[in-house]
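Chemist: Pasting a structure here, questions to come.
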Amino acid sequence: MLISKTVLSGLALGASFVGVSAQQNSTRWPLHDNGLTDTVEWDHYSFLINGQRHFVFSGEFHYWRIPVPELWRDLLEKIKAAGFTAFSIYNHWGYHSPKPGVLDFENGAHNFTSIMTLAKEIGLYMIIRPGPYVNAEANAGGLPLWTTTGAYGKLRDNDPRYLEALTPYWANISKIIAPHLITNDGNVILYQIENEYAEQWLDEETHEPNTSGQEYMQYLEDVARENGIDAPLIHNLPNMNGHSWSKDLSNATGNVDVIGVDSYPTCWTCNVSECASTNGEYIPYLKLTYPQISYFKELSPTQPSFMPEFQGGSYNPWGGPQGGCPDDLGPDFANLFYRNLISQRVSAISLYMLYGGTNWGWHASTDVATSYDYSSPISENRKLIEKYYETKVLTQFTKIAQDLSKVDRLGNSTKYSSNPAVSVAELRNPDTGAAFYVTQHEYTPSGTVEKFTVKVNTSEGALTIPQYGSQITLNGHQSKIIVTDFKFGSKTLLYSTAEVLTYAVIDGKEVLALWVPTGESGEFTVKGVNSAKFADKGRTANIEIHPGTNNVTVSFMQRSGMSLVELGDGTRIVLLDRSAAHVFWSTPLNNDPAEAGNNTVLVHGPYLVRSAKLEGCDLKLTGDIQNSTEVSIFAPKSVCSVNWNGKKTSVKSAKGGVITTTLGGDAKFELPTISGWKSADSLPEIAKDYSATSKAWVVATKTNSSNPTPPAPNNPVLYVDENDIHVGNHIYRATFPSTDEPPTDVYLNITGGRAFGYSVWLNSDFIGSWLGTATTEQNDQTFSFSNATLSTDEDNILVVVMDNSAHDLRDGALNPRGITNATLIGPGSYSFTEWKLAGNAGFEDHLDPVRAPLNEGSLYAERVGIHLPGYEFDEAEEVSSNSTSLTVPGAGIRVFRTVVPLSVPQGLDVSISFRLTAPSNVTFTSAEGYTNQLRALLFVNGYQYGRFNPYIGHQIDFPVPPGVLDYNGDNTIAVTVWSQSVDGAEIKVDWNVDYVHETSFDMNFDGAYLRPGWIEERREYA
């Protein structure tokens, strides 16, 4: 974009520009509402809530990926503490609907209502995205797996069968959400219809309507409205290739109130090659030039530039690196890319993900394994990583930068800068004249150190800044936002080359926090005051003060930590380096999401500050501490005592409204050793004398499939979903008669999704496995009977155990799972007498509704409940107390189980993860070369919290949260180990403490209701 002529012609006075700009824009951009309420409005610039403009900075988490309702508060408090104004969630139709006509919004984490009440209590706006399709790398994209049979049509269209199937969920979830809308004194501000569904047009250029897609979207909107949803309806387009659902483009059926677009400029997966068709060649930090400005100008010119999903990280696919791919998605990514969005005048952002969580059970799509850490700012084990803090220094700023919610982009050029390697975008509020200059490398992959000055336009004329001090520095993959005419309380910052972090008005005086990395220079000018002094006694100041007639300029070289400058009128300027800014908290004394600067205390030092409350003269703070920490608190002078996590602290100093104290100590916790393992066979089904007559078994009798990919006609339908079986490991048991000229082989064609595998037995003899790969979804293979003994006088029994990785996303949700073709091969003509399939306990009528419907598969150990607390493991064999390994001799499946007590002291947040390893004589190469060919499942108190495929997926650490773990009681740990080789398998299981924090959060909550135990009915599924 060309730089504004106003700037090029000498940077004319801001005052004259402001008047013209305001006049033009007041007539150009209409203010919209949805015709039902004006509580939430919007225009070209931003959203308005209750008449006040907001820069909406949000982030996503999924309650169904952390199935402990008590921990949702922990996450929301961490989101609030960082300065986010909002958060977003997907709901999950499949999680709430185990079978047609059945909905569960009550059991355990299925009851998500507390999230909405917490949003109100804590003070966060909420964007809710109920689907019915959500993608999210969830199994079938969040659709119920009973819809994947083909019986409901192609899905996500106006097929009456599909609409009838989704209506109970859609109507009920709308009713549940409606009382929590902002129109009903709740905090839900936006309601999303569908997800990344760019299906309004058959032809984008001619706007030939896609009637099916339009009617589908309109149906969802109508049902939502009929059931109480009167908040604005939104939609997120998947990329900038489509132009659907915008009222600015057409009045076509299905339009939503506000349209947005999702963006993953690096890649949505750690395997960046998968994004080449959308993003082009991957070059780290290059994709900053997405044409958001021109795209929004075409798509939604009278609506805010809105990104319902912007890259908060990437998922780790099967075969991806251990621990994910945080390197190119770390603090530098957050610093550079999120400021770049601001430079493009985006005023509503939601990071995907802010907390990723865990694909426990079979929640994952076929693309990913157990971890959904996503390299998010809040890690899978709930730890705040450096990326969180680097994001926080921006979200704290956008929350108090009220003028940022209405800006025009006047230019973007290297001509603002004295250094041609540095580009600057100018944003200016047309009403107030406040401006924001976003600086970054002209060639964004560059990580060089660049120094420069910037030409700015201020209310006091054109300036080149800094005026006195050393030049501004960009060091590496960094961006800086330089403000001019920035309001903080009643004061105005004429300019600052140090970034604004936050401010508060305390006792009628402003406290402004600025930050710049250690060793770099900063300079600021405050209007309306003409003197300043360095207020840190005992510390050497590297600071210059330049008084003016009606302002004062301070130039400084940033030292390590925090310093304080006092202006002549009592205004205080806090100078912070990056590390100090990371732990500098702006904590409101109320729960108003819009609170910006008033009713706030500032706290420097702790790992986390969750809340602040002023009761009389007692200041009560809550939060978390990693170790002994020096803390400074900017609070009213009336404060007479400070309580931290309910305990009165010893105040070292309380001068000038700054209270200093020391908090915490070195908290420690040691885990007991995991021992006392017992073991039993978990594949009795291969034995010839096994009777497949329990309630676990269904006889395959269906001859015609509803799936668009029909199976071979020589057998009944063997797709698991058409037999009411949906997730996990599946067991087929087929019989065929003995003959004089018996078959010599069996041909199998099986589809199970990426990373799936299967093993085959004949008459108890192992005849082979398909080990699987990270990318292969289907395999056909012929297995010889040469290693098995065929029966001469009775039926032969063929057993196939398959690992159903998951259902695919989008249109691929209909891809079948199970056996497409099973054919006996030999000199004669053969057919199977009967096929049976083992289902999970209860099939679609789950015996364990708290953990259902995506937790359990069909292994014997799961069906009878060996993985559950309270199971009497009478058939078990003791594992040697000297053994550090769990072993399976030969090919087969065994279950290992033990019970380990925990006793975590009150006041500690102890994060625990399990580590599974499988020794081999090679590293991660190929399945064939890996000598420990196994698949294992980790169960903790009944929850499947780890899928371990060492030769395919490289995840070895599996965090398990409190609530799933009993922190003050016995914990049932079970591991099923499936050896896919005659050589047998060996696995090692251990656990580790990831971190220990002193916390105000009650981790000793009663989570027993989340861990229901074994019931007698399980025996019926043996």
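Cβ atoms are placed via backbone N, Cα and C, with glycine included.
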Chemist: If you follow Swiss-Prot, the disulfide involving Cys325 connects it to which of the following: Cys267, Cys270?
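Modeler: Checking Swiss-Prot: disulfide partner of Cys325 resolves to Cys270.
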Chemist: Cα distance, Asn598 (N-linked glycosylation site) to Asn195 (substrate binding site), nearest Å?
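Modeler: Approximately 38 Å lies between the Cα of Asn195 (substrate binding site) and that of Asn598 (N-linked glycosylation site).
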Chemist: Name the residue among the glycosylation sites Asn457, Asn551, Asn787 whose Cβ has the smallest number of other Cβ atoms within 10 Å.
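Modeler: Looking at the glycosylation sites Asn457, Asn551, Asn787, the Cβ with the fewest others within 10 Å is that of Asn787.
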Chemist: Restricting to the chain of Asn135 (substrate binding site) and a gap of 6 or more, list residues whose Cβ falls under 8 Å of its Cβ, or answer none.
Modeler: Gly141, Gly142, Asn195, Glu196, Leu809, Arg810
Chemist: Relative to the Cα of Asn821 (N-linked glycosylation site), which of the recorded positions Tyr90, Asn704, Asn749 have a Cα no more than 10 Å away?
Modeler: Asn749
Chemist: I want to verify one value. Collapsing DSSP to three states, which class is Tyr90 (substrate binding site)?
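Modeler: Tyr90 (substrate binding site) sits in a strand per DSSP.
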Chemist: Can you tell which of the recorded positions Ala136, Glu309, Tyr374 lies nearest to Asn551 (N-linked glycosylation site) in space, using Cα positions?
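Modeler: Among Ala136, Glu309, Tyr374, Glu309.
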Chemist: With the substrate site defined by the record as Tyr90, Asn135, Ala136, Glu137, Asn195, Tyr264, Tyr374, how many Å span the farthest pair of C-alpha atoms?
Modeler: 19
Chemist: Measure the Cβ-based neighbour count of Glu309 (active site, nucleophile), defined as the other Cβ atoms within 10 Å of its Cβ.
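Modeler: A 10 Å sphere around the Cβ of Glu309 (active site, nucleophile) contains 25 other Cβ atoms.
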Chemist: Within 10 Å of the Cβ of Asn821 (N-linked glycosylation site), how many other Cβ atoms can be counted across all chains shown?
Modeler: 15
